Amino acid sequence: MHATASNAATPLERSAGTGRAAKDARNDLIFGGVLKACALIVLLSLIGAAGSTLWLGQDAFRTFGWGFLTSAAWDPSNDQYGALVPIMGTVGTAFIALLFAVPISFGIALFLTEIAPQWLRGPVASAIELLAGIPSIIYGMWGLFIFAPFVATHIKPWLMNNFSADPPDGQVSWLVQHVPFIAKFFSSEYPFFGAGVLTAGLVLAVMIIPFISSVMREVFQTVPTRLKESAYALGSSTWEVVWDIVVPYTRTAVIGGVFLGLGRALGETMAVAFVLGNTFKFSLSFLETGSSIASTIANQFGEAQGLQRSALMAIAFLLFVVTFIVLLIARLMLRRLATKEGN
Amino acid sequence: MFTRKLRIAALVAASLFGMSAVQATDITGAGSSFVYPVLSKWSAKYAETTGNKINYQSVGSGAGIAQIKEGTIDFGASDAPLSSEDLTKFGLGQFPSVVGGIVPIVNLQGVTAGQLKLTGPVLADIFMGKVARWNDPAIAALNPGVKLPDVKVTVVHRSDGSGTSFNFTNYLSKVSNEWASKVKFGTAVDWPTGVGGKGNEGVSQYVRQIPGSIGYVEYAYAKKNKISYAQMQNAAGKWVQPTAETFGAAAATADWASAKDFNLIMTNAAGDQAWPITATTWIIMYKKSKNPSHTKVAFDFFKFAFDKGQADAASLDYVALPTSLTQKIQAYWNSDFNK
C-alpha cells in the first residue's frame, strides 16, 4: 500500500522535480551568459578603443618607428612628432598627484572612521563627495587664475632658491653645491611663472583626493569592530590598531581606490591643459612646463590634419599602453607583497 | 470687430505653428571658433527677419573643413584658406566673411597700451628667443623715450591649434626669413621658446601673470581685459595702432585681385593704414550645391551679413568686410557657384 502510494506519487513528483531543475539550470545558464556578456562588453570596448587608436595612429607609428617613443620633437609645420614629452608629462604629473593625494586621503579616511566625533563625520564626508563632483574645467580655471599665481609667488621661488642651480636670489644653496643632480629636478626658465609639472600635479592631487579617500573610508568601515576592539583590549594605541589591523585587512581595496585616482590623474585633460604650460621641451625638472598626452590631444585635435592627426591618435594609444604598464607594475608589487606575508 | 478677432486668431495660429507657418529653412555650418561670436549674433538677427535659422557649431577649423568635405553641413568656416587643389578636388568654393585683428600684448611695468613700438622683424626675433631682454638694443632703438626694464622676455603662445596662431605665424614668416625656413606657419607650430596658454583666455592670463612677457591675442580680448598692447610698423613702413580702421584698411588693400578663390592670407597688407596682423575666416561651400534650397538660404544669410551686419560686427570688435571686397565676393558667387 505504502509502496504503491509512493510509486504512484514518485513519477509525478519526479517529473515536476526534473522539470523544475531543468528550468533552473536553463535559467542559470542564461543568467550566467548575460553576466558574462556584461563583463565581456568591458573587455571588448577596451580592445575596440585601443585598437581603433592604434589603427588611426598607424601612419605615425610607421613614419617614425620606435623613434616615436624617444623623440622629444613636436613640430606640426615640419611634420615631426615624438611622444617622449607628453608621456613624461603624463607620468610625472600623475606621480606627483599620487605622492600628495595618497597620504592625505589616508589621513582623511582614518580621521573619519576612527577619530572624528560622530557629528563631524557626515559633513566632512559630504564635502568630499561634493569635491568629487566638481567638473575638471572648474579645477582648471581655479588652477589658472588662483593656484598657479600662488605657486609663482610663494612656492616656486622658495623651491628654486633652495634647490636650483640658478636661483632667483642669486645665492646657490649649500644643498645644491653638495648634492649632485638635485638641481636638475628644480630648475626653471621662468622663476615667476606658476604653471608647470608640479602645479599640474598638485591640482590633480586635489582632484583625486575625493576618489581615493571615499573608497578608503568605505573599506575602513568594513573592518569588523571585534578585531579592533580585541587589539585595543591588548593595549594597542590607535596608530597600532590602524597600522596592524585596519590597513592589512583592507589593503587590496585601498590599492584599488588608489588606482581609481591614478586612472583619473593619468587621463585628466582640461585641468592639466590650463596649468601645465603646454610646451614640448624635454626636461627632468618638476618646475618646468610640459605637456601631457590628454592635454596635447585636447589642444590640437580640433585643428589637426594628416600626419598630425595620426600622431595624436598614436599618443592616445600610448596612453592605453602607459596605463596598462602602470597597472601591471602595481599588480606585481601587490603579488610580491602577498607572497612576502605568506598568503 | 470681426476682422480683428480673425487677425488675433491668425496671429495665435502663426505663433503656435511657429516656423512652419513661414516655411523656414534651418541650415547648418561648422568650423572656426574665431567667427563664432559674430556669426551667432548675425544669425539671431537673420532669424528675426526671415525665420531661417543658422545652426553654427564652433568645433575648430580643421573639423569644419573635414565636415564640409564629407558634405554633412551646408557651409564650413576655416581660419586658413583651402588650397586650389583641395577646392577643385572637392568642388568647393570659398570667400572671406569678417575681419579681425591680432595684437601683440605685453606685460611691462610703466608701458601703457599702444605705447611700445615693434617692427615685424623684431617681433619675429623676440618669438625666436633671439631678443631675450627688454632693454635689448633692437627694441630700445624703436622706442626712444620709453623706459624699458632690464627684464627677461617671456614668450607666451597658444597651446591649442588655432587660427590666431595660423595668422600670427604667417605674419612672422612674411617678415622673417629665418622664421619662414625654420618654424614656418600653421595652426600649431614648434615654438622655439616660451610657454603655451590655452585659448585667448589662457594666453592673456599668462601674460598678466608673468612680468616681462609678450603674447598675442585677438584684439577683442586685449581690449576687454585692458591688457597693454604694442603698435606695429606695417609693410608700408608706417606706425599703426590696432583699430577698426586699420583692420579695415588691411582688408581693403590686400591683393585680392590676384588671389584665385580668395586664397590669400591678408597679413602684412600693403596699405598705408593697414594693421599688419589682420585675419579673416573663410566660408567654404560646394560650388555645385548638394541641397539648393539650403545653399540659397546660406547665400542670402551672408548677403544679409555683408549688407547689414557692420554694427553687430563692430560691437564685438570685428570689422565688416569693405564694400570693395563684398562686391568681389558677390561677383564670385554669381560666376563660380551653382554651375
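Keep in mind that glycine also has a Cβ here, set from the backbone N, Cα and C atoms.
As the structure is a computational prediction, the values presented were derived from the model and not from experiment.
Copied over from TrEMBL, here are the features:
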DOMAIN    A:87-330  domain 'ABC transmembrane type-1'
TRANSMEM  A:29-56  transmembrane segment
TRANSMEM  A:83-112  transmembrane segment
TRANSMEM  A:124-152  transmembrane segment
TRANSMEM  A:190-212  transmembrane segment
TRANSMEM  A:253-276  transmembrane segment
TRANSMEM  A:311-334  transmembrane segment
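Same-chain residues lying 6+ beyond the ends of the transmembrane segment (A:190-212) with a Cβ under 8 Å from its Cβ atoms: 89, 92-102, 104-105, 108, 128-129, 131-132, 136, 139-140, 142-144, 147-153, 155-157, 159-160, 167-168, 257-258, 260-262, 264-265, 268, 271-272, 274-277, 285-290, 292. It is A:311-334 that, among the stretches A:83-112, A:253-276, A:311-334, forms the most Cβ pairs under 8 Å with the transmembrane segment (A:29-56).
Recorded stretches compared: A:83-112, A:253-276, A:311-334; the one with the most Cβ pairs under 8 Å to the transmembrane segment (A:124-152) is A:253-276. Residues 89-91, 93-94, 97-98, 101-102, 105, 136-137, 139-141, 143-144, 147-148, 194-197, 199-200, 203-204, 207-209, 211-212, 214-216, 219, 222, 247, 289-292, 294-295, 297-299, 319, 322-323, 326-327, 330, 334 of the same chain lie 6 or more positions beyond the ends of the transmembrane segment (A:253-276) yet place their CB under 8 Å from a CB of it.
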